[in-house]
Amino acid sequence: MIRFEVTFGVRPSHFHDAWLEHIQHVNTQAYTATPKNVCSTTCFRSASRHFLSTRPASYMPTMESAEEESLHDQSSEEEASELSDGELQEAFSKGLLKPGMNVLAEKNKTFVNNVVGLKQCLADFRKDLPWVERLDMTNLPAEGVLSKPEEKVPAGINRELDADDDFQREMFFYRQGQATVLEALPLLKVHNIATKRPDDYFAEMAKSDQQMQKIRQKLITKQMILERSEKAKKLREQRKFGKKVQIDVIQKRQKEKKAMMSAVKKYQKGMTDKLDFLEGDQKAAKNSSDALKKAVTKKGPNAKRKYKDQKFGFGGKKSGKKWNTKESFNDVSSFRAKMAHDKGARRGKGGKKNKRPGKSVRRKMKGRS
Amino acid sequence: MAASKRKRGGEGPADKKGKKGKFVVNKGEAQVETEQASRNEVLVPAPVSMGKWTNKERVLIFSSRGINFRTRHLMQDLRTMMPHSKADTKMDRKDKLFVVNEVCEIKNCNKCLFFEAKKKQDLYMWISSCPHGPSAKFLVQNIHTLAELKMTGNCLKGSRPLLSFDPKFDKEPQYALLKELFTQTFSTPRYHPKSQPFVDHVYTFSIADNRIWFRNYQIIEEDASLVEIGPRFVLNLIKIFQGSFGGPTLYENPNFRSPNLHRRELRLAAAAKVREKQMVKELQKIKRKEAKEDVDEDVTADVFVTPNEEKPVHIQTEPPAPKVVKKNKHKAFKRQRMQRGRR
């Protein structure tokens, strides 16, 4: 019983005729079929025409399973249900098809390599010119003067140059060119061929001056961008550092102020009668009014500031007048302890003339008078 | 503004009086080789005047129709680099390839570089020795032209190049033949009238990954520091023929994969992936729709059954203590917030 088994979705349409010639019979014992692909009865796999001209050996249909590939490197299995039963029966009767697994084995695609022909051709074609005419050299890449560790020099013949490693590859080509130049220069000197062009020799160059200008501009802009980014990075670092320092200083000052205030309060309350807290300062303040120093910078306003005040008066930025400065903030001379603790006599609002009595009182007074 | 072309074989411009050194009034045939040695010489004689041009190599560089800008620029660059080249109009694709031989004959060229573009994507290059000689077909990839800004070198137009070959070219016969072909094609003949007498650039041909890599470097210093000029390309050998643009095949590259096939493979691979995914999805659907068995008894139900211990029955006689309700102080705020939000 002949059964078809379709394994692929790809149905090449040109497998119709002339398949009879290219069927190979494979011994069932030799071909160990995988359970997936073999049915219990002899399964006939249709053969297809060899298409040698279009398919190189290396091309395998991607639908093949890995197991099949491993079994037959060169064979491919195609299914075409277009082949009718009748045709297959015919072939079977003719004796072209034998029972067992019939597998299409692709003919090995041989690539022409006519070594003799090549050598012959070369011998005919070669022109024996003196070296001066040809200026060709064959050499391995030169070793760098400072052989950098990044350049993994492929040991010439032994290791294959990796075409994907861009840097290594380009360095290889560069070194090859260098080796050629190093070898060729003395030879050129011998033949009196110059390599250095005199400074006043103006001639047409392969690239126009305009092009060279463009290239130069590009290099310059690249350089500038690099420099700018470097500068910006440095500045950022500096600012971060500067900010840290500023914060530290402010915190220290706040701590000091707090300590001073608490020490002063303690003294006021009479808890300590020592004026140790003023050790750091020069003034010895007893009263609360004179308790704290008024920070006076000896320099006073800046010379520049003085000049500007002189020139422009005290105009200019007025908006800053209502802000605290270092001095005004540290100035606690207007601190009245009694007021702060609600003990001083209220003079402010009640200080003016006696309060006007209320309406009812006034009416009564009016009534009385 | 291009540099003004220096008159060769004649007197230099008048403002050169400042340079010291003797003025050579006429084409110094006698002082041929010593001219270049003295840098202060004003005059550099023409190449042909120094010697006879015997090595008559002429290369015809042209293309078929349907090339793109990069190929066109590459051709122009090659023509710039090789003073012994000639240009021709584009060939119609209808004509067969052996017509190229006739074109070469008409132009009196004995080598040919023919660029063929297929599908506006793939570029093939034929290099051949025109009357009877061998020819080779390559697939050209990775083209970078002279005009790229990353190639910072420059050289004299028409100066003679040094050719540098990888030792791998001597190992195998096909590469040896190619080496000879390249040498004869790319090297500028000595004393060619359009050539410049200085040697200031070097072509390198190297073999990597079964391909031939071409680079062009400018020689800056005597200590062999090089800068790339361009152009650069990669040649993938397809076939070598015994005749020019035809004839029996001498060599076929087994590692060559046609770009069409390559693209087809990629497409098939993608298609196969998609189909696989679809199949998997379908299978999942089928599985889901399958009649599922209803299991009445769970066999494993008793595995974790552990009877809990007996607790004494507790009857509540008193009402439970009231729970302390924390006053939500923020409710007003929340309401205000919401009102504000609504507004």
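Placement of Cβ uses the backbone N, Cα and C atoms for every residue, glycine included.
Annotations in TrEMBL come from automatic prediction, not curation.
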Candidate ranges B:1-32, B:65-96 [criterion: TrEMBL lists as region 'Disordered']: B:1-32
DSSP helix/strand/coil residue counts for the region 'Disordered' (B:306-343): 12 helix, 0 strand, 26 coil
PLDDT averaged over every residue in the domain 'Brix' (B:57-246): 91
